[in-house]
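Pulled from Swiss-Prot, these are the features on record:
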type	residues	note
TRANSMEM	29-49	transmembrane segment
TRANSMEM	65-85	transmembrane segment
TRANSMEM	88-108	transmembrane segment
TRANSMEM	136-156	transmembrane segment
TRANSMEM	172-192	transmembrane segment
TRANSMEM	200-220	transmembrane segment
TRANSMEM	316-336	transmembrane segment
TRANSMEM	354-374	transmembrane segment
TRANSMEM	393-413	transmembrane segment
TRANSMEM	429-449	transmembrane segment
TRANSMEM	468-488	transmembrane segment
TRANSMEM	508-528	transmembrane segment
């Protein structure tokens with residue numbers, strides 16, 4: 001009877017909180033925050049060059065570092081959400097911090113004394129920004145970076161938590177990615193156009209408006225959300241497994257179920273297992289009952305579920321590193337595309353000139369379109385012909401191939417551009433389009449699939465971390481791209497400040513080599529990887545719904 005009452009209360013609570021009524025609040029928040037983020041970050045290189053008189057390659061490096069930090073910090077936000085505050089308060093606080101940062105950027109664009117004097121036309125010697133000016137700029141960037149990091153990927157977890165069924169979570173992820181790309185496209189076109197053709201003050205001011213609306217809408221829907229309850233740090237259990245296994249490293253591993261420790265509540269979880277798996281067998285000692293063990297000493301005796309959760313994280317590490325080297329070439333291409341566009345003919349007709357920072361919108365539009373096409377046509381047609389769905393890893397593999405192809409096309413186009421420059425002509429910026437389109441198609445395959453893999457395969461207690469892990473991978477990839485550009489600049493003459501006298505085509509060829517090597521590594525990793533949550537047809541269908 002007590003259990004029945006408890007179930008009724010749970011059902012009543014679920015009917016009042018969460019569900020599809022929360023979708024508009026989540027999506028409007030995501031849309032506004034995406035417009036804000038892409039509105040300032042996509043044109044950051046141009047802003048640093050034109051408004052702070054920073055050299056082109058130095059501006060690229062600063063942009064890569066900024067992108068790295070903004071993609072690394074979500075894991076910190078995820079830890080705060082999982083361990084202490086829950087994801088709803090973290091998103092609210094982060095949206096406000098972002099609003100403070102973008103407001104400060106707007107002030108910098110509005111007040112002349114917060115920027116160095118602009119270079120005179122044709123002048124080589126330009127006034128460098130003062131320490132105070134750089135300090136205020138970096139403070140603004142730090143605030144808006146922190147705010148962005150605590151919203152984008154935590155919103156994915158918070159939104160998915162509003163639904164109980166994997167199929168509904170899958171539909172939410174579709175809306176999430178569509179809205180994310182929609183905000184990115186709006187920020188990269190409308191906001192960047194306003195910055196280049198009206199003023200930086202107007203462009204950043206529009207970002208302030210978008211951020212403010214996001215913050216108000218999200219807070220307004222707070223009473224409707226299903227709030228997750230932080231249960232203390234889930235990372236402690238991972239450390240405890242390692243400590244317990246080390247303490248009992250001399251114990252003989254048993255093959256009997258009764259020799260291993262279980263907790264009653266774990267039997268209700270979807271991933272419950274009676275016996276520890278054979279992989280990473282040395283960790284099984286953490287759950288092995290030995291003389292002197294006490295159920296109260298969790299640093300010496302862990303449960304089988306905790307051991308298997310730790311193994312699940314370890315199994316994903318090779319895939320995690322392969323995604324990292326998949327994203328690094330994309331980060332370099334993103335930066336180089338802006339520099340290339342700045343020295344190309346950007347006129348489309350007699351009155352319209354494309355913004356250099358807006359060129360990346362082509363990849364975003366391509367990705368958005370092909371996410372829809374994949375879900376509506378490509379994946380259903382494949383399943384109809386082959387009689388089984390594309391797995392998430394197969395989708396990531398297709399993304400690898402398309403990324404390599406994109407880099408190869410970029411190399412060919414840049415080689416042609418340099419020959420055109422030798423003849424004192426400007427090549428049309430439209431030559432950059434094919435590589436960017438293929439880049440976007442590749443992202444439509446690998447980006448949602450990676451999110452689905454990490455969300456579906458991570459332990460339930462680390463779900464916020466799971467969705468932010470893709471962002472961390474992207475962050476590390478930006479640092480790798482920064483290191484790669486630095487090495488190339490130090491060891492070759494391919495990347496001078498004036499790329500018309502460089503060999504960016506050779507940089508792209510290096511990226512092709514990295515991509516091919518990483519694809520081989522990915523094939524090996526995916527061959528040995530076994531899905532944790534694809535043990536039967538139902539689970540396979542669930543993850544297919546999340547990915548598609």
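Think of each number as a place in line: the chain as shown, counted from 1.
Glycine is no exception: its Cβ is also placed from the backbone N, Cα and C atoms.
Within its own chain, the transmembrane segment (393-413) has Cβ neighbours under 8 Å at 319, 323, 326, 329-330, 333, 336, 431-432, 434-436, 438-439, 441-450, 453, 505-506, 508-509, 511-512, 515-516, 518-519, 522-523, 526, 529, 547, counting only residues six or more beyond its boundaries. Counting residues 6+ beyond its ends, the transmembrane segment (354-374) has Cβ neighbours under 8 Å at 42-46, 174, 177-178, 181-182, 184-185, 188-189, 192-193, 195-197, 334, 337-338, 341-342, 346-348, 429, 432-433, 436-441, 443-445, 447-448, 548 in the same chain. Most Cβ pairs under 8 Å to the transmembrane segment (172-192), among the stretches 88-108, 316-336, 429-449, 468-488, belong to 429-449.
Counting Cβ pairs closer than 8 Å and at least 6 residues apart in sequence, the transmembrane segment (136-156) and the transmembrane segment (65-85) reach three or more and so form a contact. Against the transmembrane segment (88-108), stretch 29-49 shows more Cβ pairs under 8 Å than any other of 29-49, 429-449, 468-488. Ranked by the number of CB pairs under 8 Å to the transmembrane segment (65-85), the listed stretches 29-49, 429-449, 468-488 are led by 468-488. Remote same-chain residues near the transmembrane segment (29-49) are listed as 55-56, 58-60, 62-63, 66-67, 70, 91, 95, 98, 102, 105, 144, 148, 151-152, 155, 176, 179-180, 182-184, 186-188, 191-192, 195-196, 200, 203-204, 206-208, 210-211, 213-215, 217-218, 335, 338-339, 342, 355-358, 360-361 (criterion: CB distance under 8 Å, separation of at least six residues from the stretch ends). Same-chain residues lying 6+ beyond the ends of the transmembrane segment (429-449) with a Cβ under 8 Å from its Cβ atoms: 173, 177, 323, 326, 330, 333, 337, 340-341, 344-346, 354, 359-360, 362-371, 373-374, 392-393, 395-396, 398-403, 405-407, 409-410, 413, 416-417, 470, 547.
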